[in-house]
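What follows is a single structure, written as structure tokens, with notes after it.
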Amino acid sequence: MSFWKNKNVFVTGCTGLLGSYLVKELIEQGANVTGLVRDHVPQSNLYQGEHIKKMNIVRGSLEDLAVIERALGEYEIDTVFHLAAQAIVGVANRNPISTFEANILGTWNILEACRKHPLIKRVIVASSDKAYGDQENLPYDENMPLQGKHPYDVSKSCADLISHTYFHTYGLPVCITRCGNLYGGGDLNFNRIIPQTIQLVLNGEAPEIRSDGTFVRDYFYIEDAVQAYLLLAEKMEENNLAGEAFNFSNEIQLTVLELVEKILKKMNSNLKPKVLNQGSNEIKHQYLSAEKARKLLNWTPAYTIDEGLEKTIEWYTEFFKK
């Protein structure tokens, strides 16, 4: 029987890329899922298919502690996946206060509501590779300091540290995830490099690279991310992992230019990318070691970058036909 059968699970950020895939997988595995939704996003992957009819939706925002407390109590929640965030770096630079409110205040509201709620057994908080800021040594491992410098990075460093506080001070069973750049069909943030490139190529337009093209990142396929989150939550108790942070990555690094050229090749396109060289406040080289997850969780990703990109291109090709 699935670990998740009849578990009462609360998911924030369920209209986002990761949240929508995670919710669907939890429902498939028999969980009773309740999602916190601020804005109605009808094009979200969450609303594709029948899963939406099998979950509860609580309307509200992370900034409203009373809404979160009510949801945890009324739906007798035992597991929380806190995925919601203002996740766009450019938006964060333009609107730091609203980003801090969503990402920092929102996180402590979730954790505080969980602290007061007696049924909570496990909380997973989505941090980010950006929480590390810029480090001299690569790849980043979980023992490196959290030292974001710009609004989005700092918001993730803070949320990450606050999560540790709730474990060390109150014994809250919380784990933190730090992933590379997530991608996959259903990401509607078209200022992100993969969906933007695919959209432009489908329209016959040259893809644009905001940076100089040499920035190195690791790209992590969404279905691998879902399995990583579920595995961590499942093993938290038996492996005594509360208070731990885990990097998840397929540990394949690409420059932005290499990534775009890979997509062009897979789409049989002769278009040439336009390198704009406008990237500001971005870390030049950033990628993660997932050795801890491999050792302690016996985790391995299922998808190569090529397999993930092929599935992603297929999704957007169908999406833009509608």
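Note: Cβ is positioned from N, Cα and C throughout, glycine not excepted.
Model, not experiment: these values are computed from the prediction.
According to Swiss-Prot, the protein carries these features:
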BINDING   8-36  NAD(+) binding site
BINDING   Ser128  substrate binding site
ACT_SITE  Tyr152  active site, proton acceptor
Next item on the list: Work out how many Å separate Ser128 (substrate binding site) and the residue listed as 'active site, proton acceptor' at their Cα atoms, rounded off.
Entry: 10
Notebook entry, point to check: Helix, strand or coil at Gly16 (NAD(+) binding site), per DSSP?
Noted result: coil
Notebook entry, point to check: Hey, does DSSP put Tyr152 (active site, proton acceptor) in a helix, a strand, or just coil?
Noted result: helix
Check: Which number gives the other C-beta atoms within 10 angstroms of the C-beta of Ser20 (NAD(+) binding site), all protein chains shown included?
Finding: 30
Check: In angstrom units, rounded to an integer, how far apart are the Cα atoms of Tyr152 (active site, proton acceptor) and Glu28 (NAD(+) binding site)?
Finding: 33
Checklist line | Other C-beta atoms that fall within 10 angstroms of the C-beta of the residue listed as 'substrate binding site' | finding: 24
Next item on the list: List nothing but the one residue from Asn8, Thr12 whose Cβ has the fewest other Cβ atoms within 10 Å; the candidates are the binding-site residues.
Entry: Asn8
Item checked: DSSP three-state assignment (helix, strand or coil) for Asn32 (NAD(+) binding site) -> strand
Check: Taking DSSP three-state, what's Asn8 (NAD(+) binding site) in: helix, strand or coil?
Finding: strand
Notebook entry, point to check: Residues with Cβ closer than 8 Å to the Cβ of Gly16 (NAD(+) binding site), same chain and 6+ apart in sequence?
Noted result: Ser44, Leu83, Ala84, Ala87
Notebook entry, point to check: When you measure from the Cβ of Glu28 (NAD(+) binding site), how many other Cβ atoms are you left with inside 10 Å?
Noted result: 12
